[in-house]
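Per TrEMBL, the feature domain 'ABC3 transporter permease C-terminal' maps to B:62-179. Residues or ranges marked as transmembrane segment by TrEMBL: B:20-40, B:52-74, B:103-131, B:151-174, B:202-221, B:227-249, B:282-305, B:522-544, B:582-604, B:610-633.
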Amino acid sequence: MSILKLDEVTKVYEGKVAHLAVNLLSFEVEKGEFLAVMGPSGSGKTTLLNIISTIDTPTSGDLLINDINPLNLPKNELSLFRRKHLGFVFQNFNLLPALTVEENMILPLTLDDQPVEEMKKKVKILAEQLNLTSILEKRPAEISGGQAQRTAIGRALIHEPSLILADEPTGNLDSKSAKDVLEILTEVNKKRQTTIIMVTHDPTAASYCDRVLFIKDGQYFNEIYKDDRRQTFFQRILNVLSLLGGNVNDLSTIRLS
Amino acid sequence: MTFQQFAYRNVIRNSRVYAAFFMASIFSVMVFFIYSMLMFHPNIEDQFLQDIAFGGMLVAEIILIIFTLFFLFYSMSAFLQARSKEFGILLNLGMDREQMDRLIFIETMILGFISIAVGIFFGFSFSKFFFMVIREMFLLDSLPLYLSWKPFALTIFVFLSLFITISISSAMYIRKKEIIQLLKGNWRKSDDVDFTKWKANLGFGLLLAAYSLVIISTYYMNIEMSIIIIILATVGTYYFFTDSILYLLHQIRKRKNLYWHRYRLIAFAEVSIKIRENARMFFIVTIVSTIAFLSVGVVTSFSTFTGQYRALNPVSIFYSSNWDNPFEREHIMKITNQLQSDNLSYELVKFNVKKQTSSSNGEVVHLIRESEINSLAISLKYPILDLPAGKAQFLTDIKETMGNDNEQEVQTVLAESSVPIYIQGVYDYQLFPSFVMDKQTIIISDEDYRLINEPLMGYGVNESNITYYAFHVPEWLRTKNVGTDLVNIMTSSLANTNHNPNPFYFENPGLDYSVIQATFSLLLFTGLLVAAVLLLAAGSFVYFKLYTDLERDKKQYDVLRRMGVTDRELVKIVNRLLIPQFFLPWGLAMVHSTFSFLFLQALWVDLAAISIAMEMLLVLAAFTLIQVSYFYLIRWRYIAHIQI
C-alpha cells in the first residue's frame, strides 16, 4: 500500500526569470519504507520536500498522502492534516530554545490538547528509546548536536504520524552523532513501521535507507534499491552520484566525436 | 562612497526599522522644547505663576531627560544587537575597531541631529497652541509667541549630550564582543530563566506591605506614611519584575497539568524569557506610568473640585469685621472700588451677627437674622426661610458636621436677653467660611432678633456684635485681583497660627480658586504630555524588542506552522506572548494607581469633602483604551512580519 503518491508534480517559480524547480516528477512511497532523496544543489530537493510537507503547492500535478489529496483541503484543515499525519526533522534541529528537551518533545501533543498523563507516558517510552532520559530537563542550548537531533526525532515521532520528513538530518552533526541518528531512524523505521522520507547530500546517510531516489534539475534521474550489504549499497550510491555530478551528456559527446 | 556616506546610507536605508524609534525621540524632543519655551517665557509677570511654571516645567523636563536617556540607551542596544551580524561582517572584512566606533558614533549622531531638528521644528510650531492653552488655564491676558535663543540652546544642549553619551556607550557595548559572537548574531546569554527565591518573595512581600499600609491609612491617615509606601512600592515593583514574576511562572511550569496545555507551553516559556530580558524596562515603565496616571487622575478630578468648591464657598468675597475694627469702612470701600474698576457686577449683603450664651449647653452662639439670610439666599438662588417667632435653625458648617450629627432639635434660652427659642433642623448650605463659624451659628426670626438687646455677658453694648459683608459676584472666577493686599495680610498672619490677630477676616475664593486651578492645570498638562511621551516610548520599545528577536521568532513560527499550527492558533500564541509584555507593567501601574487613589481619596477627605473616585475611574478607562489600541497596532505589525 502506498502512503505517498506523486503524479507528474511540477513546480514553476514565477518571476522575471521563470524557474522550473520540479518537473513532471512521479513516484510512490510504500508504507514502512525508508526513502532517501538525493541530488546535487539546486536539483529541487527542498522544493520537493516542501510540496510533500504541504507548505508549498505544486503548479500542476497531484499529490496523495494516505489517500488524501492535501491540495483540496482548505488552509485550516491543511494545518490539522499536517499535525496528524506528518512529522518533521530539520538540519538545524529547530528546537524551541525556551523549552526543555521534554517540553520540546511533547509540543505536538499539547497543541492537540491531549491528557497530561498520556503525554508523560509517551515521553517516557520515547526518551528511553532515544536515550534522552538523563537530559529531559535540559534546554537545547545545553545539549550536544546529536542529542538535539534525537530530541527533534522524538518530537517528530511522539504523535505517531504516518510520514516523517527529514531534511538533511545529519547535515550539522559529527560522524559519530550522525551514525547514532541514522541508526535511530532505521530502528524507528523497522520497529514502528514509520515511513520516512529523508533528503540528504551524504551518501553514508543514504546507504541506511531502503531505496534512494536521485533527482536532477527537478527531474527524476534514477533510483536504486538496497541490497544485503550496506557497504555495496554505499558503493552503488557513489557510482550514481558520480554520474550525477559529472555531466553525463558531455561524456557521450566526447565518445561520439 | 565615503565613510560618512556609508553611515548615512545605513541610517536612511534602515529607516523602516528606525521609524518607531524616530517617532518616540522626536516626540520627546518636541515636548521638551515646548516645556522650555514656557520655562523661559519673558511675559509671565506674575511672580507666583512664574514660580509654578518654572518649577513644574523643570520637574517635567528632568523626568523626561531621565526617561529619554533610558529609552535611548535601551533601544540603541536593541538595534545594535539586531544588526550585530552586519558589524561582524564589517569587522571580518577588515574594519578596525576605531572605525567601527566612528561608524556607530556617526550613525547615532545622524539619528540625533534629525530627531533634534525635527523635534524642535514641531515643538516651535506647536508652541503657539500650547501657549494658548496655558493662557486659558491661567486666565492670563496674553501669552505671545516669542523668539529667544534660550529654549533652543537648552534643548539642543541637553539632547546633543544625551545622544553623545548614548553613542559612546553603545559603541562600547559592541566593542566588547568578539567577531565570532557578532557573526553568530544573537548574543543572548542563555535561554534559561534565573531568579532568586528570596528576592521573589521580597517583591511580593513589599508590594503586599505597601498595599496594606494604604488600606490602613484609609482608616488612620498619616501623611508621613506616604513616603514609606512609595519606597516599599518602588522597590517591590523592581523585584516583582526581576524575580517574583519569574518565580510565579516557574511555579506554574512545575505543574504539568496547568502548563502542558495547548498554547500555554510555548507562551509561558517565551514570556519568561522576554520578561527576564526586559525586567528593568518594565520596572521603569510601571513606575512612570503610575506617576503619569496619578497626575492626570488628580487633575481630572479637578472638575469635581470646581463644583464642590463653589458649593463650599458660595460667597464670592467675604469680609467679617469685629466691633473694634478701625479699617472697616476703608476696606469695604476698597473692595467695592476694585470690583467696579474690574467691571464686575456684585450684590452686597450685610449681616449683623449677635453673640449670646445658649442656656442649653452654656456656650456662646452666633445669631443671624432670617431676613439677612434670605437676601443672600435669593442672590445665590438657595431656598428662602420663613421662621415664625420663637423658632430657629442651625446654619450648617460642612466641616463641622462631617461625621458628628448635630442635635436636630434643641429647646434653649438665649441667656442674656432671656429669649426662648426652639431650634429645629439645619439650613443645609455653607454660606460663610468655616473660619468665622467657630461658634455654632443659629438663624432666628426677625422678631426674636429684635428682642436681643443685651450684650454678651461681660461685654459693652456693641462689643458683642460682628459684621459680615458677603459679596455675591456672578463672575466669581474673575475676582482674583480684588483685595490682594487683604489676602496678603491674612496669609502672613495666619501662616503659623489658627488664631486671627486682626480685627477683621477676609476671604476671596475666586483668588484661592485661581491659584489652585492654575497649579492643577499645570500638573494636568505636564502629566498628560509626559504620559503621552512615555506611552509612546514604552510601546515602541516593546516593538523594538520584538523586532530584535524577529529572526529567531520567525524561525520558530515556521517550525510551528510546519508542525500543523493553524493561522488562528498562531495568532492565539502571539496574543499570549504579547499581552503580558503590554499589559503586565501596565496592569501593575493600574493597581499601583488604584491604591494611590485610595490613599489620595483618604487624604482628600481630610482636606475637603471631595470624592474623586468617578474621575479616577474615567482616567484609568481612558488609558486602558489607548493601551489596547496600541496593542492591536503592534500585534498587527508583528503578525504581518512573521506571516510570510
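FYI, residue positions are counted from 1 along the chain as it appears here.
Yeah, the Cβs are placed from backbone N, Cα and C, and that goes for glycine too.
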Integer mean pLDDT for the domain 'ABC3 transporter permease C-terminal' (B:62-179): 82
DSSP helix/strand/coil residue counts for the domain 'ABC3 transporter permease C-terminal' (B:62-179): 100 helix, 0 strand, 18 coil
Considering the transmembrane segment (B:52-74), which listed stretch of B:103-131, B:227-249, B:522-544 counts the most C-beta pairs under 8 Å: B:522-544
Contact set, same chain, for the transmembrane segment (B:103-131): CB under 8 Å, 6 or more residues outside the stretch: 3-4, 6-8, 10-11, 18, 21-22, 25-34, 37-38, 41, 76, 80, 90, 95, 143-145, 152, 155-156, 159-160, 162-164, 166-168, 170-171, 174
Same-chain residue ranges lying at least 6 outside the transmembrane segment (B:20-40) that approach it to Cβ under 8 Å: 53-54, 57-58, 60-61, 64-65, 67-68, 71-72, 75, 79, 111, 114-116, 118-120, 122-124, 126-127, 130-131, 134, 148, 150-152, 154-155, 158-159, 526, 529-530, 532-533, 536-537, 540-541, 543-544
